Amino acid sequence: MKPRLIFIFFACYFLNFLPFSNQLPCSYQNPRIEDILLEVPIEHEHPHRHRRGLPSSDPTSPPVEKFAPLRIQLHYDKSIQNLTAEVQNFVNTTLLPEAVGYWENALRVRPMTTPIRLRRKCISSFYYYKQGMRNVACDKGCRERTTCGEADIPRDHLLDCLACNNTDDCKTTGELGEGVKDTDFILYVTAHDSKRCEGPETLSYAAHCQQEADFDRPIAGNVNLCPSALSVHNHDYEILTSTVKHEILHALGFSVGLYAFFRDSEGKPRTKRNRYGRPTSLNKQKGYYDWDSNTITTVLRENWWTGEGKVIHPIHMMVTPKVREEARRHFGCDKLEGAELENQGGEGTYLTHWEKRAYENEAMTGTHTQNPVYSRLTLAFLEDTGWYQPNYEVAEDLHWGKQLGCDFAMKSCGEWIHEKKILGEDAYPYCSDIKHDGSKSMAITRCTTQRDSLALCNLVPFQKELPSQYRNFMSLPGVNPDGAKYYGGSVEMADYCPFLQEFEWKLIDKTQHKDSRCELEGNGKEGEDILEVYGANSKCFEFPKPWTERKCGRIRVLSHYMAGCYEHQCTNGTLYVGSYNATDMYPCYAENQKIHIKKVVDGWLREGSLICPKCEDYCTNCGPPIVIPDYIGDPELDEPCSSNFKLSVLAFLCYLIFLHIRS
């Protein structure tokens, strides 16, 4: 029977896509200290400043500055040629130019006035450096090859080699390359199927490799694209471009290995320097220089709420001036110490991203989940490096946590959810609908905050008890009293906080790939249960109650659907909504107005209602409120049923009556 088959398919469908909820952790690894070359001699466009390395230089003196748009030079490694022609074309003409173009438009730097020539790597780790030298000198000469991440640096991009037996016995060997002119940063692009690419979640990774002498700004880096992860599929475009932009930003400055080199607004080091101009404390165990507390500090939250009582919870805060200002502005919390950094994820994620719980879909959090945006906070971070002047006009709006106040920014998500429940309020942006209990789907679709996609609450059971500081529930409906400590949001990096998350699903052979974004036409199928319309003009609308499907006395309640994607348009100050196979669009005159849809499709009567959002959420120009008619939607329709079926039912009922009379 159709209802049974559809229900079984629907349940299996939800269980099957659960493992594919979007979550791609960043694969960044801080480069080893020995792989980073500092003190690359350069010339900036500030004639009144002496370049460091000359006798009259003072590495802490403020510069006379002129900033100009960042110029990034792409240099493609020969490994790119191993990609298919279609993928090569995508990488060369779309993926890299778009990712690089974003940062060139977003950032200004002190421009280079001469070609960049990079340092050669020394044979040994010992070298000489003294005032008056143009270049760092190697004690045993230079290596044949100088690499930048996965890339070999062309000899034409390199300085000659200065080798010394002692500070007074030096000679120059090798050729002085022409360098790379008209650029401020060289990005070496590779496509090696490296060991780091073996994980199915790794799309690309990047890091810086050389820093200039005057201000310590990174001037060269490598981005490696994992060949098997590259796709020209429309559904993969957003995540690929966002990931490459994210990785490039690690090379430009968002790196735990660079915090100790940050400068203030006058160009002075934030972290104390030794007589050689380097940060004073090298943490060999962790592989980076330690920074001063004016950059990052640890704060103890002494009353961190959990479902089992309050605990002390340490957090790490970026406390530089612009970052603090933007964090306070975003949450509307004037007492917030700064912006929280990630405290989970291990090497490469810990401290090198924004905290996922606090800034969920900010693109510089440690894992991609949905709708990544580069917000004012990340641009403020770049300004506080002392290397960049950001263009805040390119910042994207971060809805997560916006203007939710100090309680949201400074307390656990468990306390936020608990207090909202007591008040009878929605726990936005968190949720408490269980996605599945480990054996069956309990998923219910909702709209994302931006109303551009369907989403599911990612609250799931784990096999082991959650860490005590991340037990965010005292109890959960339908879960035994001792079971709540096993439940949390599926994104561990978000402190196990549950939130609405977009989803996707693929066939094993990758012949089909769909996700929950309303804007992609390929995500929909004509005549599906709730009569959705996917496409460029579609948005997400929520339902006041589940849809139903009826035929001949049989009824199916589509309880998993509480939202869907529908076409919309703005006309004469009014928002209109369209469903599948509708001849006309339905007007939304006011927020929370209901639109009633009734259609006969494939012999079944489909019935459902949509809730109208604020007109301003979707339309630029909205008219004044009007009197809402009592009913807006389709006229009443009879439940389909063939005459033969009706006669059969009538005969069966008569037979039952006859048996009853006889008894």
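Using N, Cα and C of the backbone, Cβ positions are placed for all residues, glycine too.
Residues His246, His250 are recorded by Swiss-Prot as Zn(2+) binders, and the candidate that the same record lists for that site, out of His157, His330, His353, His399, is His353. Applying an 8 A CB threshold to same-chain residues 6+ apart, the list for Glu247 (active site) reads Cys26, Tyr28, Ser204, Tyr205, Ala206, Val223.
Residues near His246 (Zn(2+) binding site) in space but far in sequence (CB under 8 A, at least 6 apart, same chain), listed by position: Cys26, Ala363, Met364, His368, Pro372.
For His250 (Zn(2+) binding site), other Cβ atoms within 10 Å of its Cβ number 29. Remark: His353 (Zn(2+) binding site) has Cys26, Phe254, Leu341, Glu342, Gly345, Met364, Thr365, Gly366 as non-local neighbours, by Cβ distance under 8 Å and separation of at least 6 in sequence. Using the Cβ center of His246, His250, His353 for Zn(2+), the list of other same-chain residues with Cβ within 8 Å runs, in sequence order, Cys26, Tyr28, Glu247, Leu249, Phe254, Thr352, Ala363, Met364, Gly366.
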